[in-house]
Amino acid sequence: MIDVNKFESMQIGLASPDKIRSWSYGEVKKPETINYRTLKPEKQGLFDERIFGPTKDYECACGKYKRIRYKGRVCDRCGVEVTSAKVRRERMGHIELAAPVSHIWYFKGIPSRMGLVLDMSPRSLEEVIYFASYVVLDPGDTPLEKKQLLTEAEYRDKKAEYGDRFKAEMGAAAIQKLLADVDLEKEAAELKEELKEATGQKRTRAIRRLDILEAFIKSGNKPEWMVMDVIPVMPPDLRPMVQLEGGRFATSDLNDLYRRVINRNNRLKRLLKLQAPGIIVQNEKRMLQEAVDALIDNGRRGRPVAGPGNRPLKSLSHLLKGKQGRFRQNLLGKRVDYSGRSVIDVGPSLKLNQMGLPVPMALELFKPFIMHELVKRGLSANVKSAKRKIDRSDDDVFDVLEDVIKEHPVLLNRAPTLHRLGIQAFEPILVSGKSMRLHPLVCSAYNADFDGDQMAIHVPLSDEAQAEARLLMLAAHHILSPRDGEPIVSPSQDMVIGNYYMTTEDKGREGEGMIFKDTDEAELAYRNDYVSLQTRVGVQVSAFPEKPFTDDQRGKIMVTTVGKLLFNRIMPKDFAYINEPTDANIQNGVDDRFFLEPGQDIHEYLENAPLVPPFKKGFLSDLIAEVYKRYKVTKTSQFLDRIKDLGYYESTISGLTTAMSDIHDLPEKPEILDKAQKQVTLITKQFRRGLITDDERYERVIGAWNDAKDEVQNKLIEHMDIHNPINMMSDSGARGNISNFTQLAGMRGLMASPNGKIMELPVKSNFYEGLSVLEMFISSHGARKGMTDTALKTANSGYLTRRLVDVAQDVVVREKDCGTDRGLEVTAITNGNEMIEPLYDRIMGRYTMKSVFDPKTGEKIVGKNVLIDEEMAQKIVDAGVKKVTIRSAFTCNTEHGVCERCYGRNAATGDRVEAGEAVGTVAAQSIGEPGTQLTLRNFHTGGVAGNDDITQGLPRIQEIVEARNPKGRATITEVTGEVVSIEENPAERTKDITIKGETDTRTYTLPITARMKVAEGDFIHRGAPLNEGSIDPKELIQVRDVLSTETYLLSQVQGVYRMQGIDLLDKHVEIMIRQMMRKVRVMDPGDTDLLPGQLMDISQFRDANKDTLVAGNIPATARPVILGITKAALETNSFLSAASFQETTRVLTDAAIRGKNDPLVGLKENVIIGKIIPAGTGMSAYRNIKPKEVSVAAYSIKDIEAKLKEEDKQN
């Protein structure tokens, strides 16, 4: 076997007949499979042992030679080689066809490859191949033309007229001869000449033909190989026949298809031998052609061949295609051993890097390790008895188990794995029961809850795998989300409400104004009921020597609460004392207003002091981010565990409950509803009098009811008591929000009808009062729509993620610095007056391209090529800088990836990104993962005339990344200049906008309903939109340059995500958009070998031009092209990656003709061939690092399996 990690690339091509024969171990001559009595394979049949190898390991068919010592001997009686039965998975056979047969992929594909080579239409080809017409092969001296088609009758007439002076044949044999006659070089040269003057349809066809002829010339494939004389037979173990209970057999469809081919082939041979009449032979040849077509791609032409129960048979093509095909089912995703799955349960007592593993699962997963340990300790004599001990659950086993799993990390995965945090490593802790325990804080990363979710567990076996799991994948390392760099492990639900309850302040509680020496004394008072957690007290600052107080503050008394004193105990020792939930408190310590002046009375101070709000969920998250920034992984994970324990403990102590009595009536509600009803009546009256249109009426009615609902909500908030448990729940961020409360105590408001439009009939009741039957019915539409939307959204979003991953999977950080001299100028992204993404978010964690200067003083804030951290970013924003030029993936020069400088900081660690980081996949996951949170609907801005529906949410993202023509398209100007006039033309319902540029004047016609973005007298730059709507990037790239198109797309994607409250870093979107812009289309090939109209990588184009320029010739010109992600993924340089993505047969057909070479650069193609992926520790730079041998060599699982086999043989 070749070592899969050694070879560099993989090539695909057309197989010549000789090649197919050289692969084969023998010809399959009979359609038989196995003998019905002996169940042994039949000789010369589809399962013949002489061709494909023995069915039993090291045993020939007749049983003369058994055992491994005869390995390699061919039995003189039955002719079977004595070898491992595994060879039946790799040895191929062949069938010698009695007549040539065309390969359906090359004849039927779009465009038909045979048709292009021969310059014949697919229809003519079909007529010839399936024996409907003759084709002239050699016209001789007759007036016929080569490749002319003749019907049966015409052929007979011509034969009578000219005799043997011309040659015409039918069937694949004729096509084979025509293909063999093609002089590729000559045809290509003629086409190149023709291209110089050809235009339109003719030119397109010429380019396509030239492309395919060049492919044949360059690859060395011969066109006649598209017609086959021999077909290979797949190894039998890949198309097995198995006995079911009840004596019946189940077989792969391929055996049926091969059988039909063999039957027809044998019949044809017999007919030819008998010299049967031409028409019978022709018919048999056609049937053979159809049988081979069905074998290769059943259903591609005509009706598919059906098996029992009218089910179409699965052909060779179907084995590769689709989710269940070879690529996606077996090569990209395999089932692995040493894995299990179970229901998950909450493990509140676990540490962040632990998980609870049920004992029965541990016994099974770590079996070989336990057996090794039992033998090593002398508790079992050999591996076999150790195995018996485990099966008996002997006491010795449990003594060993603890030690075996200690320090052996396991991986936990929850499907769907939407981002890389869907698989994390934990240290197992044994637990009783059958469910696995999961740490509550990692639930948000997995999107897990404990209502019956299941998770899968995997055991990394090798030392390297364990080391990687521990160092790179341990849950404690995954505190920040790679999507936006914010903490993803933040407390939720009980933990939040516990910490909220404990940091609440209250006026006039028992013991208010007591002054304590330190936290311990305050705790003592609390435990003895002198004070409550919410009591405001004083404490001497001198009790906190390590905390960063100012010298002035150190001698004073600080006002805080008992709960906050206890909360600050869990903070790192030298972290600021947290007394109020503000950023200033975290950064600069406690504000001076919380300190008593010497001699000041604390009771007097408390009379006037306002209550400080408690710590909510968002603040806890900020706190975690700051702790992580300062102390990194270990301290943060300990802090997280303390926050979790404290939260759970305090929420238990608090005894918070909710009941009907917590919901109060709203006395003002009838009055508010009455007012709204009157308004609606008035609006209806206006409509009846014709003062407003129906659309306006609808808008206003909806508005009136929405205002009423908002008013009810505001009144509710006014009446709300801070101690109301429902209020505490929503205010702290533990669960629910104000709108839930409005529906309980206020009114439900307007509902959506099944068609997505809002109904004018509001639900006036709330759940506390109860809904009427009609109201209940109206509400049910919305609920049902919500469920179906979610289901559809999941599928759409999953497919989007798959396409994104596919297009970006080969983007890896490959070098430190690409040395580019271009950068990206960034400003805050706004939409009108609305801020979409502030400058701070755009520059933080990026490298500067140019130095940044203060616009007022002119002093340098940040130099060039510096990584901007939070502090610098804040400085830049505070100085009033509006534009910063940063390094960006858009302008990075690294091939097949990006460099560290252009990428910037790794969001998941907060440090510089390291070479080998698979940033493309991370980017795709970061964009795809929140896809399910995006809305599925287009936002209806309502029916007001001219306000076209603007696509939002998931459909808009798909529109952008697939580079489709957007809905509600904006017209852009192609000239820079002044808007001279905007004239309305009511008769044709249009507006004409005239723009006068320096050299020319353009007039654009828009519909009268369009909402203008420009006014007369405005000066606008080319590429600017004239009306509201989305710009088509394909137009923009022609009018402006690539960078401005990329910037536009980036701002659009960010607009959609930020509208939904989802933060997403620019760099992820940049990587995806860069992948869409990798190609150029050659316009004029100059003196290069390129073809006009050819799509190619920018880097390849540059290389071709470089060589031409060095030789002193004319370079080619090309224009940039924007491809949708599906198209971009299919256009990748790797045929393996493209074939495993979509349109498998088309990709492989094309790759084979071109003799494509897959350089194995991306991750996917390496996974497919089983090579270690070239990212992370798999990069060549890291691959050659050898660890020092220190301890005894570790045993492997293979050793144990071998031992077991040995012991079996001895027994």
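Cβ atoms here come from the backbone N, Cα and C positions, even for glycine.
Annotation comment: Swiss-Prot describes Cys60, Cys62, Cys75, Cys78 as Zn(2+) 1 binding site. Per Swiss-Prot, Mg(2+) binding site is recorded for Asp449, Asp451, Asp453, and the stated evidence type is sequence analysis. Annotation comment: Swiss-Prot describes Cys818, Cys892, Cys899, Cys902 as Zn(2+) 2 binding site, evidence class sequence analysis.
Annotation for Cys902 (Zn(2+) 2 binding site): spatial neighbours Cys818, Thr820, Tyr847, Arg887, Ser888, Ala889, Thr891, Cys892, Thr894, criterion Cβ-Cβ under 8 Å with sequence separation of six or more. Of the listed binding-site residues, namely Cys60, Cys62, Cys75, Cys892, Cys899, the sparsest CB environment within 10 A is found at Cys62.
Within 8 A of the CB centroid of the Zn(2+) 1 site residues Cys60, Cys62, Cys75, Cys78, the other residues of that chain are Ala61, Gly63, Lys64, Tyr65, Asp76, Arg77, Gly79, Val80.
Cα to Cα, Asp449 (Mg(2+) binding site) and Cys78 (Zn(2+) 1 binding site) are separated by 62 Å. One residue stands out among the binding-site residues Asp449, Asp451, Asp453 for having the most other Cβ atoms within 10 Å of its Cβ: Asp453.
Around Cys78 (Zn(2+) 1 binding site), the same-chain residues at least 6 positions away in sequence with a Cβ under 8 Å from its Cβ are Glu49, Arg50, Cys60, Ala61, Cys62, Lys64.
Each residue in Glu815, Asp817, Thr820, Arg887, Ala889, Thr891, Asn893, Thr894, Val898, Glu900, Arg901, Tyr903 lies on the same chain as Cys818, Cys892, Cys899, Cys902 and has a C-beta within 8 Å of the C-beta centroid of that Zn(2+) 2 site, without being one of the site residues. Cys75 (Zn(2+) 1 binding site) has none of the binding-site residues Asp451, Asp453, Cys899 nearby, counting only those with a Cα within 10 angstroms of its own Cα. Secondary structure at Cys899 (Zn(2+) 2 binding site), as computed by DSSP, is strand. Apart from Asp449, Asp451, Asp453, the residues listed for Mg(2+), the same chain places the Cβ atoms of Ile344, Ala448, Phe450, Gly452 within 8 Å of the centroid of those Cβ atoms. When other Cβ atoms within 10 Å of the Cβ of Cys818 (Zn(2+) 2 binding site) are tallied across all protein chains shown, the result is 18. Rounded to the nearest whole angstrom, the C-alpha distance between Cys899 (Zn(2+) 2 binding site) and Asp453 (Mg(2+) binding site) is 40.
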